[in-house]
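Just below is one structure, and these are the notes that go with it.
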Amino acid sequence: MATNLTSLKPPFKVKARYGWSGQTKGDLGFLEGDIMEVTRIAGSWFYGKLLRNKKCSGYFPHNFVILLEERLNSSTENGRQPSKIVESFEKSNKVVIPPVPSRYSDERPRPKKKLSSSMPNSPKKPVDSLTKARKAKSKEMVNEKNIYNTQSSRHHNNSAPNLPLASHSKPQVRNFEESMNNPLPPLPPLPDLDNMRKTDKRAPKKSYSANDLHMARSSREYNYYKDNQKFYDGFIPEKRYSLEEDSISSGLFSNSQYLNDSACSSENSFALMSDFSATSAGSFARHKYAQSFSDSLQRSQNANGCSTKINDSQEFGDSNASSRNGKMGDILRKIIIPKRNTNIYSSSVSSPKSPKAYPKLPDIQNLNLSATPDEARDWIAVKCHLNRARTLTKYDKHPRYMRALEENRDLILHPQDSIYNGLNTNEVKGNTKPGLVDVELAELNIEYIDKMTWKRCIRDGTMTLDSWAQTTFSARYSTVLEKLRGIYIFCTEMFALTDDNGTSDFSAEPQNLEKILYRKHCTPYELTWLFKKLANSLGITCEIVIGFLKTPSAINWEFKYNHCWLRILVNKEWRFIDVILGNVTNPIHEFVNNRKIKKAENSYFLMAPLEMIYTHIPPREFEQHIVPSIDQLSALYLPLVFPSFFKNELKLYKFSTALSFLEDSEIYECSLEIPNDVEVFASVVIPTDNEEASSAYRNMELALTQIKKQKAESGRRIALIKAVLPPNVNKGSLYIHSGVRGTQTSIANIHPLSMMVPLTHKGSNMKYEFVIKIPSESIQKIELYIVEPQSRYLFVGNEYSFEVIQSPSDGIVYSSDEGPNQNRKQPMAIKSPSGRVHELVKSDPHFPYGTWKGSIKIKEPGVWSALVIADSGIGWSVFAEWLCV
């Protein structure tokens, strides 16, 4: 028996016929047999809460539940009903779940022809014909028994969906039997996620722009599916311009075409290794050195030039004229899109039906931030720049996570979790514990072994490879570690790498290795095999691994064969050696260190598996030598790191790959955990062949690194890194350098490259730069975190609130008994271009550290500087600069 939804008056209780997990965040999932109290009806959907847990509430489809009715004198039917239900289960082999209804109400017609034609795997019988057949059959069954004629005619309505009742009636048993025998209908359209997000009463997003209007969004979604029709099995939705017609079919997520395109074995033929030589020896030759070194050097040379900063202010206005459609902050969001109730009907009544009903907005096209002083004073421009660099909260990050996952289903949001969870360890044999090799390496006299290797490695060309290895490395090398070190120095310092130009046969052992032994140059593949043969001659277990090496300026989340390295069993512990990257002639060292090296890179000698997995991805999981093994996708999405990342004991603290896919006015943000004696600097490098554009990018402050807090558990510091791409730039890279604290005294990077993060951007963007942080030798005892303003540009005629947090560099606050000099008070101030000093006021004058604040009316264009008393207590030191335009 069925009832019309329009005749129901909430609240009432329903019981779940099937279990349902929900589709969106606002849905209510339940188990079979759960009882819910319905408080609202929205079309074919109910809104209610679970009676067993009233904290859980949300939307759920009406045809997954049955209405609970209190009936009297139904004990006779209750005794007969279970047997018939059991019979119906015996007649059918499987339970057919009813289709999930559309979230649209019946008053809103939706186009279905385009949707059904775009579904490749749609059933032959449409949904409408199924529903008509079911209605016809139900009518026949109602006519068979006159008992139910009255109730059927009372509740029958063709325009509204029907709800099954929990009454023990014979026609209902027949309907249940037939519903189980019917084929599974096609999945309904997915809910309108954009509309659901608008009704979600959470913290607002960071900033919004005119692109948030429905017309621009629908056009953007149409272009997105059109460009990615191969991923979505050719699905291209209709180009819609109204919110009511916006719908997405779950049929577009068919796996057929996607699996055909992506199905490939990790053990492919070695013919795929056509670019092996490019990453082994010659790929970094064209880079010479990381561009972040030269960019930072040029910025430091131009830091004192006033003309450069005036030109920057002019370029700032020009770039804003070309990209005026950036996000304007939360205030526009509140004006353009009013708050709506979660009820669909109430929101449709309260919301304006046309754009004319909204309050009149300022013309966004006239938002030229610095063309004239009058426009620069505009409060929208000021708020936009102040709020853009605001630190992201979990509510800001979550929509970006969901958007990235929608665009790439294979994306791993937090790949570092598989390494830092404490479960994965380096593989060892027997009952030994991992890490004993590191202890032996610390006690190894490396300088003595390296000098002895240079003296003993005499290649006269008279002995075979095995006899030469046993003669050279057996007498004076007492342990396995010393023998491996000797072979490593021989291969990395006494051979020059040559490019094979793709001629190496990686499926077989290189020929004439004994002749190569007495030469001074070889290809990367030959050098790897030479190390293996020498180690095997000394009885050391050593095997070659051919896999994928992550490289700069490449797509590193797609596996391909391009590199080879060695896995070695030493003292019952598996370690890795890469003689190609450790070789002194490899151009990668000049790229990372900004100079050539004369000694072999020690980081690639007996590298731990948990460190090797960042850059070297083997095709088979057992070759990782990590217990338990790490998923290959997680390893591919780990950031590209270099030896100084592990030398300086850096660690990913809050890192997400989804945040690197920028849209409109978004910024990138990540956090690193660093020791107290290490400093970190970052810069953004834009690849371009245009010299004028490259010079302009060098002078821009596109990254900001600050020490945010001290981690209480470990005593280590948290470095917060933010980055942004300039206007009209789609791709760039974030370069992170690290080194000993206090050694870098200018903006020019002197520390080696530690980490690279690729950044992409789409949509509109306004020019934005971060405040210039200036390192100084005289400020080493305290850490200064600029809360606001973090933007580089200030606008004349506006009042700004300056806020700086001062904390001890070692994280220790001494008591008064330990001496007053331990907690020296270091006041701060803001200096105007004319030389006037505005002192900042401390929030808690009795506490040695804390927050310093001050509100200043900006009236002078030029460079504004942040000052702090030096550690010696004599004189001011500049630690930050802003540019007023």
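Cβ atoms here come from the backbone N, Cα and C positions, even for glycine.
Within the list SER83, SER242, SER313, SER323, the entry that Swiss-Prot describes as phosphoserine is SER313. Record note: of SER283, SER292, SER733, Swiss-Prot gives the feature phosphoserine to SER292, with no matching annotation on the rest. When the residues THR391, THR471, THR745, THR851 are compared with Swiss-Prot, the one annotated as phosphothreonine is THR391. For the domain 'SH3' (9-70), the DSSP-based tally of helix, strand and coil residues reads 3 helix, 30 strand, 29 coil. For the domain 'SH3' (9-70), the model gives a mean pLDDT of 88. Sequence-distant neighbours of THR391 (phosphothreonine) (same chain, 6+ apart, CB under 8 A from its CB) are GLU669, LEU720. DSSP assigns THR391 (phosphothreonine) to coil in the three-state reduction, placing it in neither a helix nor a strand.
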